[in-house]
Amino acid sequence: MAHPGLERAHEDPFEKLTGGSLSLSDRDIRDYKETDPLLRSSRSHRLHLDNDSDGHNSHPHGMPNESVRVMLLQILVPFLLAGIGTVSAGMLLDVIQYWDVFVNITEIFILVPPLLGLKGNLEMTLASRLSTAVNVGKIKNPTEKRNLIIGNLALKQVQATVLGLLAALAACGLGWALTEELTLSHAAVLCCSSVVTAFTASLLQGILMVGVILGAKKMGINPDNVATPIAASFGDLLTLTILAFVGQGLYDCIDTHPYVSYLLCVTLLCLTPVWVVASFQHPESRKLLYTGWEPVITAMFISSMGGLILDKTVSNPNLEGIVVYSPVINGNVEALWFKPRAGVHSF
């Protein structure tokens, strides 16, 4: 008969954390070795488990407690920047709504919410994945770090290109169904503007996110606390700026160079296979390439309904000026909500 002390000595530490009940998904997580996020060494993990067995309080997921004061200090500045960014985006939208492309192709307003929604649908999920990878030590190996970054950025470019095209097609369909006045040239401007905006904004924000997360880790700051608010801070402003200038430029080319919209849109779409191949550099991005479409496409179509409401609101003289609050209403609360969700994923 085995000695009780020996049985306790060989007891699985992971089962101590979970109370001895492991589901299939829990064991899958265990295989990825993400059971000890933010812990500096296996020794500290064992000490934490010993404290659990002695009856001391700990984080319900076995993760080290993070001081509320430290978390607030780390979140404060990025969150203020996020607020400034959304207010600035609203002010910018109030200005560009009188540009020729917005006046003559009103369906472009339908594109605004889904394109701004890419901030939450793509940028924050990228920030969550990379923050988790940093916290569990998956970027210590240079090759692993390179493949992880390239794979995730390439995956995001695939999703941004496809979602940009789908958002434009949804805007064209909704606009034509309501007015039946949408011309082919205007539809080409919508499609090209949407794809170029989604592609460019996603690439620039993705590079920014990688730099912020790696820099935060080197400075000893929890990336979960700063990455998602920063993604929210400049996402709206950058996306609206690109959409306005690209849309106005393509609109000005309708009479003189009508082929520009078609050529530019087709060129970016032809780059999609390149991003697909690059996303295969990492197994996680390869898996998401097959399984990560339903939520983002659903969110995009829901945002398109919001864009339709925005389009009708702008044209209503009784609601003049409300467009300023559109990006602000979207808000940055999801940036704070996303932070603890990233911590759960890292476990």
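Just so you know, glycine gets a Cβ as well, placed from its N, Cα and C.
Sequence annotations record features per position, and here TrEMBL assigns region 'Disordered' to 43-63.
Residues or ranges marked as compositional bias 'Basic and acidic residues' by TrEMBL: 47-57.
If you look up TrEMBL, you'll see 70-92 (among others) marked as transmembrane segment.
Annotation source TrEMBL lists transmembrane segment at 98-118 (among others).
Per TrEMBL, the feature domain 'SLC41A/MgtE integral membrane' maps to 112-245.
Nonlocal intrachain contacts for the transmembrane segment (160-178), taken as residues 6+ away from its ends with a CB within less than 8 angstroms of a stretch CB, comprise 106-108, 110-111, 114-115, 118, 121-122, 187, 190-191, 193-199, 201-203, 265, 268-269, 271-272, 275, 296-297, 300-301, 303-304, 307-308, 311. Marked as transmembrane segment by TrEMBL: 160-178 (among others).
The transmembrane segment annotation in TrEMBL covers 184-214 (among others).
Among the features that TrEMBL reports, transmembrane segment is placed at 226-247 (among others).
The transmembrane segment annotation in TrEMBL covers 259-278 (among others).
Here the domain 'SLC41A/MgtE integral membrane' (112-245) has, by DSSP, the following mix of helix, strand and coil residues: 120 helix, 0 strand, 14 coil. Of the candidate ranges 98-118, 184-214, 226-247, 259-278, 226-247 contributes the most Cβ pairs within a distance under 8 Å of the transmembrane segment (70-92). As a quick check, the transmembrane segment (98-118) and the transmembrane segment (226-247) clear the bar of 3 or more Cβ pairs under 8 A, pairs 6 or more apart, so the two touch. Away from its own ends, the transmembrane segment (184-214) comes close to residues 101, 104-105, 107-108, 111, 115, 118-119, 122-123, 126-127, 130-131, 134, 139, 149, 152-153, 156-157, 159-161, 163-165, 167-169, 171-172, 223, 226-227, 230-231, 234-235, 238-239, 242-243, 246-247, 250-251, 254, 258, 260-262, 264-265, 268-269 of its chain (Cβ-Cβ under 8 Å, at least six residues beyond either end).
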